[in-house]
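Asker: Positions annotated as compositional bias 'Basic and acidic residues' by Swiss-Prot: 350-370. Positions annotated as disulfide bond by Swiss-Prot: Cys152-Cys193, Cys186-Cys226, Cys283-Cys334. Among the features that Swiss-Prot reports, region 'Disordered' is placed at 340-377. According to Swiss-Prot, the feature signal peptide maps to 1-22.
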Amino acid sequence: MEINKLVCFSFSLVLILGLVESFHYHERELESEEGFMGMYDRWREQHNIEMRSPERFNVFKYNVRRIHESNKMDKPYKLKVNEFADMTNLEFVNTYANSKISHFQALRGSAPGSIDTDPNKDFIYANVTKIPDKVDWREKNAVTDVKGQGGCGSCWAFAAVVALEGINAIRTGKLVKFSEQQLVDCDMTNAGCDGGLMEPAFTYVIKHGGIAPEASYPYVGKRETCDKAKIKDVLKIDGRQNVPGLDEEALRKAVAHQPVATGIQLSGHGLQFYSEGVYTGDCGTEPNHGVGIVGYGENEKGIKFWTVKNSWGPTWGEKGYIHLQRGARKEGLCGVAMHSSFPIMNDPNPPKDDPNGPKDDPDAPKDPKFKTTQRLQGIRTKLLEL
């Protein structure tokens with residue numbers, strides 16, 4: 001059976017889980033070849049990149065110049081020289097964003113954004129009339145720390161878990177990390193590290209009795225055999241819901257009540273090097289990456305935004321988050337309003353004070369550190385051969 005798949009941006013590079021300091025440079029270094037070479041060598045050392053080639057150096061120069069010029073403009077967002085500075089945007093997109101949701105929708109006979117496009121069809125928040133001007137579920141202790149998916153294309157699992165963790169915290173008052181690895185290993189309707197969708201992940205949780213805490217079923221960054229012995233102290237949900245497509249107001253109603261999983265297209269020079277602020281730049285509307293929306297608001301200049309949690313670790317963007325402009329187009333900027341869904345949890349299960357409910361293990365190991373240097377070198381070697 002043909003299914004849509006989000007084959008995720010899988011950050012198998014150095015920033016995934018280990019913190020990397022920001023890369024700084026002086027404007028005068030951009031004035032000479034020697035200055036650029038010094039920057040390039042310093043950047044390679046910071047990111048543990050052994051390869052030193054004229055082609056990569058030329059791309060590095062091109063990207064640094066574009067980043068520098070962009071940051072001199074009056075834009076509501078800033079860019080930074082990150083670990084992708086020696087990759088062209090085409091290489092970046094082809095390497096980390098090679099899935100086209102619209103392609104799979106066409107095979108199924110669906111139009112883009114056709115998920116529940118009838119605004120009132122089963123949408124539980126359709127009749128909500130009053131919602132706050134600003135919501136940030138991080139401030140309400142409903143969002144866990146930013147995680148890292150590593151070299152596994154499991155963004156769909158991380159996005160689904162953002163929504164599951166959020167609704168559990170809202171209903172029970174307990175913030176618990178849940179297991180992306182269980183979804184990667186056990187949800188056979190999705191493709192593990194080769195991509196997937198959030199809606200089938202929610203359906204798996206419903207049909208298979210729940211999702212375990214991360215402490216019981218920790219993340220390893222690859223698909224393994226489903227280990228049912230680790231599935232205990234589970235969170236159960238009562239259903240799932242799609243947000244009407246091409247409708248940011250419907251999406252805002254949903255996010256006002258709980259974190260939501262969605263798909264976006266992360267492409268374009270700006271997103272490759274995004275650092276901070278409200279992103280208003282170029283990107284497409286063919287979602288290829290799963291993320292969680294954990295809030296919305298408006299900045300001091302009146303630009304409306306979505307607060308989006310990514311799964312590339314805390315050193316990308318704004319400590320692992322990106323603010324995407326809200327209200328830019330019917331699909332939402334980067335297609336954020338085209339493919340959104342959330343779990344339904346009517347009552348705490350177990351009840352709030354049940355000692356047998358899901359809980360974090362304070363002694364559980366943190367996310368594993370992925371060995372990335374060899375993989376990084378392999379990517380660059382392959383790009384040079386193209």
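For all residues, glycine too, the Cβ spot is worked out from N, Cα and C.
Remember, it's a predicted structure, so these values are computed and weren't measured experimentally.
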Asker: Between Cys283 (disulfide bond) and Cys186 (disulfide bond), what C-alpha distance do you get in Å?
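Answerer: That comes out at 33 Å between the alpha carbons.
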Asker: At the level of the C-alpha atoms, what whole-angstrom distance separates Cys152 (disulfide bond) and Cys186 (disulfide bond)?
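Answerer: The separation of the Cα atoms works out to 15 Å.
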Asker: List the Cα distance (Å, whole number) between Cys226 (disulfide bond) and Cys193 (disulfide bond).
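Answerer: Cα-Cα, rounded: 14 Å.
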Asker: Can you tell me how far the Cα of Cys334 (disulfide bond) sits from the Cα of Cys186 (disulfide bond), in Å?
Answerer: 30
Asker: By a 10 A CB contact count over all chains shown, which of the disulfide-bonded residues listed here is most packed: Cys283, Cys334?
Answerer: Cys334
Asker: Indicate whether Cys334 (disulfide bond) is helix, strand or coil by DSSP.
Answerer: helix
Asker: Neighbour count, 10 Å Cβ-Cβ cut-off, for Cys226 (disulfide bond): what number do you get?
Answerer: 17
Asker: Should Cys226 (disulfide bond) be counted as helix, strand, or coil on the basis of DSSP?
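Answerer: DSSP call for Cys226 (disulfide bond): coil, neither helix nor strand.
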Asker: Compile a sequence-ordered list of residues in the same chain as Cys186 (disulfide bond), six or more apart from it, whose Cβ lies below 8 A from its Cβ; state 'none' when nothing qualifies.
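Answerer: Listed in sequence order, they are Tyr204, His208, Cys226, Lys228, Ile231.
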Asker: Enter the number of other CB atoms within 10 angstroms of the CB of Cys193 (disulfide bond).
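Answerer: Other Cβ atoms within 10 Å of Cys193 (disulfide bond): 19.
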Asker: For Cys193 (disulfide bond), just give me the three-state DSSP call.
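Answerer: It is coil.
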